[in-house]
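Pulled from Swiss-Prot:
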ACT_SITE  Asp52  active site, proton donor
BINDING   Val67, Glu68, Ser69, His86, Glu87  substrate binding site
Amino acid sequence: MQHYETVEAVTFAYGQHHHLEIQITREIAKEQGIRHHILDMSLLGQITAQPDFATIHISYIPDKLCVESKSLKLYLFSYRNHGDFHENCINTIGKDLVNLLDPRYLEVWGKFTPRGGISIDPYYNYGKQGTKYEGLAEQRLFQHDLYPEKIDNR
């Protein structure tokens, strides 16, 4: 370190559960006489274990199978204690329903309460390959949110 004019340490606070990491880094920097900066990176989407609230819209055109509403509610309630990103949750719900129902067409749209003032409303859709519903899925995806609705409940 004596070959350099100044040496500084940077720690990224990204929401890690072990705050001890930051404390130890701070102490080592102090012992070495190094200036230490802690950059708060929590805005990068850490999973905070705080509840998220959403309205989930599910629309589908069945083929041979339908989902029973109570079963669907129980499945969706299982996400209450599930820590994941909004996009992953909606994609998983969509894929699970496609695997279960083998529908002609399905779409899932999650409208989540904003985090940090930014609204993330992920959308998933599926159209059975080789049918007109495959084209419908593509068309709906291109038109999805083309004219966003006015949101006044957030």
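A Cβ is built for glycine as well, from the same backbone N, Cα and C atoms used for every other residue.
Using CA atoms as reference points, the binding-site residues Glu68, Ser69, His86, Glu87 were checked against Asp52 (active site, proton donor), and the closest is His86.
In sequence order, Leu97, Leu100, Leu101 constitute the residues six or more apart from Val67 (substrate binding site) in its chain with CB-CB distances below 8 Å. In the three-state DSSP classification, Glu68 (substrate binding site) falls within coil. If you take the C-beta of Glu87 (substrate binding site) and look for same-chain residues 6 or more apart in sequence within under 8 angstroms, you find Ile120, Pro122. Across the residues annotated as binding substrate (Val67, Glu68, Ser69, His86, Glu87), the widest Cα-Cα separation comes to 24 Å.
Using a 10 Å radius centred on the Cβ of His86 (substrate binding site) and all shown protein chains, the other Cβ atoms total 18. Most buried of the recorded positions Asp52, Glu68, judged by other Cβ atoms within 10 Å, is Asp52.
According to DSSP, Glu87 (substrate binding site) sits within a helical segment.
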